[in-house]
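Enquirer: Copied straight from Swiss-Prot:
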{"type": "ACT_SITE", "residues": "ASP264", "note": "active site"}
{"type": "BINDING", "residues": "ASN195, MET196, SER197, GLU198", "note": "ATP binding site"}
{"type": "REGION", "residues": "1-319", "note": "region 'Ribokinase'"}
{"type": "REGION", "residues": "345-476", "note": "region 'Cytidylyltransferase'"}
Amino acid sequence: MKVSLPAFEKARVLVVGDVMLDRYWVGPTGRISPEAPVPVVKINQVEDRPGGAANVALNIATLGGQVQLAGLVGQDDTAHALTLGVQTLGVEPQWLTIADKPTITKLRVLSRNQQLIRLDFEEAFDKADSVRLLKQSEALLDSVDVVVLSDYAKGAIDQPRDFIALARAKGVMVLVDPKGSDFGRYQGASLITPNMSEFEAVVGTVTSEADLLEKARGLLKQHHFDAILVTRSEKGMTLVTANAPELHIPTVAREVYDVTGAGDTVISALATSLAAGADLPQACAIANTAAGVVVGKLGTSTVSRIELIEALALHHGESGFGVVSEDQLAYALEQAKLRGERVVMTNGCFDILHAGHVSYLKQAKALGDRLIVAVNDDASVKRLKGEGRPVNQVDRRMAVLAGLASVDWVVPFSEDTPQRIITRLLPNLLVKGGDYKLEDIAGGAEVIAAGGQVQVLGFEDGISTTAIIQNIMANQ
């Protein structure tokens, strides 16, 4: 399935939640204090950035969406700095000022791109303050398509059920970045986006992929959510809805410098995409890519449309689906079979994807409902093909394959043959390209023994990765 960015400028979003100011003091450190065993930092840079719900709003604005921001602030200089910070990018602040409370501030001291300490300046807001904020925000619902509740457990979002119900009654989607052990507070929300720790704090320890899906569906039913997107760090994201198969989206982050604000980026990209007309799976793929960009930056950051376009092209070959872990695939395959779908599987190196590959995979997909492509990892290709191979690393090979309309799932394997992974997955039909004899196809006997079939498909003559490489070398 292809992913294309919608017209973000059409998105109209209201963000309600805990706003704060992220303040950074930055400088070199070259000695230890004589007063205590701590480093001395000579501050040469001070920077303020909107954080929390304000960072969500900035992310939406940076992508090109129209956004209003409602939150609780104090009557202080920090509130003024926060106002200037959001207005710079065209965010409309709708503050409720609480005179006897400070605007929440997170002060971080950094040196050599490392955070040394964080100091928090805050007092919890009262329940009455939250009631007033949500009541004030009701007047904004008629001018937006999506609402984001950004809850950092600081008091702005206390009991939002009535607000959620009113928004849904008006046809407005409500997305929630939740906190705490009671997701019932958000009953009726369109989508909640807990990270794995937040999810397990509510449902208990997750022991397997199947257990995660069972627990997520339990929450959907219990609290009348339309969907749950669990963000899982290096395992990517898992989207669970009531009436569709689950969707696993692998992480795209190559280097992680700072996870500050990553959750904000996810929900802001989701909100902007959905408000601009994207469907939920596409919005999740866009959000996953945006998160992969932002964790490669230091401190609370935003992601621009240009960065998102570049990241989608680099990491997905324009596709947000397909690449899964073996465990994720095993469960997805089980569910596909329960739905009566015929699953076809093939394998190969696919080092340089060419017309012969595309034709072959199209033929394979035509034989069933779902197509799995198992791909040799880099070490396996090198053992099979020799020095100088693979030309393309496995993540890029898989990303390109996942971009093909004929391919549903792509999974890597490390052995020289796919015998083990085929034996584990046992597709309905195993196909192989070339002039193989059926009895020589790895995993074929096991598939047949399990009631499946094995079939050989022809390749287009004269097209091969080796021939392409030799032709390139000859013309250098």
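Every residue number used here counts from 1 along the chain in the order it is shown.
Positions of Cβ are set from backbone N, Cα and C atoms, glycine also.
Note that the structure is predicted; figures quoted are calculated from it, not measured.
Give me the lay of the land around each of these features.
Expert: Sequence-distant contacts of ASN195 (ATP binding site), defined by Cβ-Cβ distance under 8 angstroms and a gap of at least six in the same chain, are VAL230, THR231, ARG232, SER233, GLY263.
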Enquirer: Quick check on the recorded positions: of GLU198, ASP264, whose CB has the lowest count of neighbouring CB atoms inside 10 Å?
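Expert: Relative to the other recorded positions in GLU198, ASP264, GLU198 has the fewest Cβ atoms within 10 Å.
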Enquirer: Rounded to a whole angstrom, what is the C-alpha distance between MET196 (ATP binding site) and ASP264 (active site)?
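Expert: It is 15 Å, counting Cα to Cα.
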Enquirer: From the centroid of the CB atoms of ASN195, MET196, SER197, GLU198, the recorded ATP site, which same-chain residues not already listed sit within 8 A by their CB, in sequence order?
Expert: PRO194, PHE199, GLU200, ALA201, VAL230, THR231
Enquirer: Highest Cβ count within 10 Å among the binding-site residues MET196, SER197: which residue is it?
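Expert: Sorting the candidates by Cβ neighbours within 10 Å, the top entry is MET196.
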Enquirer: For GLU198 (ATP binding site) and ASP264 (active site), what Cα-Cα distance in Å is obtained after rounding to a whole number?
Expert: 15
